[in-house]
Amino acid sequence: MKRIVVLGAGESGAGAAVLAKVKGFDTFVSDMSAIKDKYKTLLDGHGIAWEEGRHTEEQILSADEVVKSPGIPNDAPLILRLREQGTPIISEIEFAGRYTDAKMICITGSNGKTTTTSLIYHIFKSAGLNVGLAGNIGKSLALQVAEEKHDYYVIELSSFQLDNMYNFRADIAVLMNITPDHLDRYDHCMQNYINAKFRITQNQTSEDAFIFWNDDPIIKRELDKHGIRAHLYPFSAIKEEGSIAYVEDHEVVITEPIAFNMEQEQLALTGQHNLYNSLAAGISANLAGITKEDIRKALSDFQGVEHRLEKVARVRGIDFINDSKATNVNSCWYALQSMTTKTVLILGGKDKGNDYTEIEELVREKCSALVYLGLHNEKLHEFFDRLGLPVAEVQTGMKDAVEAAYKLAKKGETVLLSPCCASFDLFKSYEDRGEQFKKYVREL
């Protein structure tokens, strides 16, 4: 009997283990951290052996194949041992893809992928399609393949997930943009990160679709290097050569495969960055054969994504906005660009090799003060202190950061949490960071 070992027992790992068990494999799960009770219950319910707080090497090195959590680096010692002995290491998405014939709509990019994924799912669901939401958001793809059997899956893919995908094929691949992110996981080499993102197009054929932002200089430069066989669907902010979707005379226009248009002001999502998200989602729905009426309705009634430019409250004339999902500099750039008032910016956390020059001009123009929130703020001091803005440093947690920002902000201004960094120095996740921000804002 083939032995499958799953490393990591979060949403993706637990789901992969259930699918492996359902398919009749000898299955073992190992997590170096504590496993959440809900995943223990799931594993126990399927009779799957597991361990937590350690990796027992003899159990793991005996695997015929390993399904690895995207959070485990490829250069972790145990992963290197497995590679040395020739054990195949794959992602949960790769594993799940073997056991379904459903259409796969896959979205990646440095920014905008969660909003775009959620919007595509909303359009498909609203149109009455049998669709699942998976990847970085929603339920484990493997668990859904084991238990639910959808006709379509809309999947948000990080570069880490793409790294361990080999035969998986996206029917529709969407690449929103590429800006520096996670370079600490890619030997601080931008080309390695770019190559990971373009893996979303591997295995595509001329029957498949590749949707991408035509204004992204890196994507345009790299297109010819990757032997893309899929039909190309480029989109841009304005009508330009090659683009099949754009805005013209305040109308969203999609020219292929079926002509589509709607008034830009009817879009539920506002701001330039959200225009790109809406264009990519509109093309995806168009390719899936969803009616123009259903696409228009869903693009106009979408509710947005939590922790992404989420309006929290107005306290004594000061607006508070939660953009905790901004874990890189480019995300913060989009957030600052959308600000219409002077802004107190809360930033900081686990730096991933950030270059803050990208937001320097916007910080000068838009910000009235800065709050550094993190255990190690030396890089922020080094870059931003010279701008001469009032600065508060907080190393204790979100409560003190919110109070510091509130004191610095004036009536009519905005406090924006848009950290540019990962959350893992003081918080469990970007969701935890955002929830704490909202909690302490409401306690002001």
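Along the chain as shown, the residues are counted starting at 1.
Glycine is treated like the rest: Cβ placed from N, Cα and C.
Database features, via Swiss-Prot:
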BINDING   Gly109, Ser110, Asn111, Gly112, Lys113, Thr114, Thr115  ATP binding site
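Considering other CB atoms within 10 Å as the measure, the emptiest surroundings among the binding-site residues Ser110, Asn111 are those of Ser110. Other than Gly109, Ser110, Asn111, Gly112, Lys113, Thr114, Thr115, the residues of this chain whose Cβ falls within 8 Å of the Cβ centroid of the ATP site are, in sequence order, Ile107, Thr116, Met176, Asn177, Asn277, Ser331.
In the three-state DSSP classification, Ser110 (ATP binding site) falls within coil.
When the neighbouring Cβ atoms lying within 10 Å are counted for each of the binding-site residues (Thr114, Thr115), the highest count belongs to Thr115. Less than 8 angstroms from the CB of Lys113 (ATP binding site) sit Ile107, Asn136, Glu156, Leu157, Val174, Met176, each of them six or more residues away in the same chain.
In sequence order, Met176, Asn177, His273, Tyr276, Asn277, Ala280 are the residues near Gly112 (ATP binding site), counting only same-chain partners six or more apart with C-beta under 8 A. Of all the Cβ atoms in the protein chains shown, 30 others lie within 10 Å of the Cβ of Gly109 (ATP binding site).
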